[in-house]
């Protein structure tokens, strides 16, 4: 069974840590988080098509450099697109403007179509960049980096505990499902089926709570005093500064393009 | 239901972010370090539960269970569900980054409201009564979630009103399923481990 968060398979180094494959993966995680945030805000604020297409290209460039498996990442994106598809399909019919064509008495407008395309471009550019910049991190590194960015300690620890136990609980879930299957359970649209799923969820909550009690006991045994020390110390180097400057340059040029195109 | 980047107007995005920060601050105040293991574990449990797909006719829907999260976690549901949404956005590409605040309010807001409104009833009710209140909470949370989605879309612009209406109608079956599941989960958990509903965020309000 593969872990939930395998966005990128990385080889282990001699001490058992994960090695980063790409140069992007070796950039300071804090710089990558801030870059993703700056990218998202810039793209969402821009409106002209050339700039948005530039943003998508920039995100694709990051994706290639992150060495994420392109097919799987794009497939995930397509899943997200299918969620929003119906809102986008409705838009041409609900935005008033120059008529494009008429179906069953409903008129689709060009303005609506452009707005739908705009949303699609923005959403995909941001999510691609986010997965390429931040999604390649180990979830624990993400926690450390957020701590480095002054996110409240409690929230960081909550995040770390959550990532630590998602895989454990998923295995627990699969074991319970297997036990149900062994007893002849087949999911269907029925009262029995929903009740069984409900019991399954309830049992998972009960087991998680009991496990957390054992964990707290074990932590206290080892001298837990209400503070967890994070060991990772990130060093912000010259390479990170170059990366930050490069991203800033690209984003500023996008903004300049947006302003000059908007002025025409 | 995730909203994506670029769909909402700036005031809605900023408003959502401000509300989310407020909710997080309030949620974290109810979480001393001692409670982090149980909150993190339950947050992971709800994350895994959201990966479960249940059949509905020829199709299937994935669970949200934010009502149940609110009943178990109280105010702590806010940071716990935020963590789940953050991980989903970063590693699965669901949702977006600038809309993370809005999405958190949409999912975690109803959870906390249901927890505050019904948490005490679940504690004191009989087994069957708790299951019924649980079912009500499960349906209510999804109803509020779709209502919040509709509100975010409507505040953005009139052109989204049909989409908002569609979201609500499409989620009526989901409400029924979440109600049944939450009711059953509460029924089992209250029998096996009633402490689960003692509201891990504590009675410090």
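Yeah, the Cβs are placed from backbone N, Cα and C, and that goes for glycine too.
Quick look at what TrEMBL lists:
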TRANSMEM  B:12-30  transmembrane segment
TRANSMEM  B:36-56  transmembrane segment
TRANSMEM  B:68-91  transmembrane segment
TRANSMEM  B:97-118  transmembrane segment
TRANSMEM  B:130-154  transmembrane segment
TRANSMEM  B:166-189  transmembrane segment
Would you say the transmembrane segment (B:36-56) and the transmembrane segment (B:130-154) are touching, if the rule is that at least three C-beta pairs must lie under 8 angstroms and be 6 or more residues apart? no
Cβ under 8 Å to the transmembrane segment (B:68-91), counting only same-chain residues 6 or more beyond its ends: which ones? 2, 20, 23-24, 26-31, 35, 39-40, 42-43, 46-47, 50, 97, 100, 103-104, 107-116, 118-119, 122, 134, 137-138, 141, 181-182, 185-186, 196-197, 199-202, 205
Distal contacts, the transmembrane segment (B:97-118) - CB-CB under 8 A, six or more residues away: 1-5, 7-8, 12-13, 16-21, 23-24, 27, 64, 66-67, 69-75, 77-78, 80-82, 85-86, 89, 133-134, 136-137, 140-145, 148-149, 152, 199
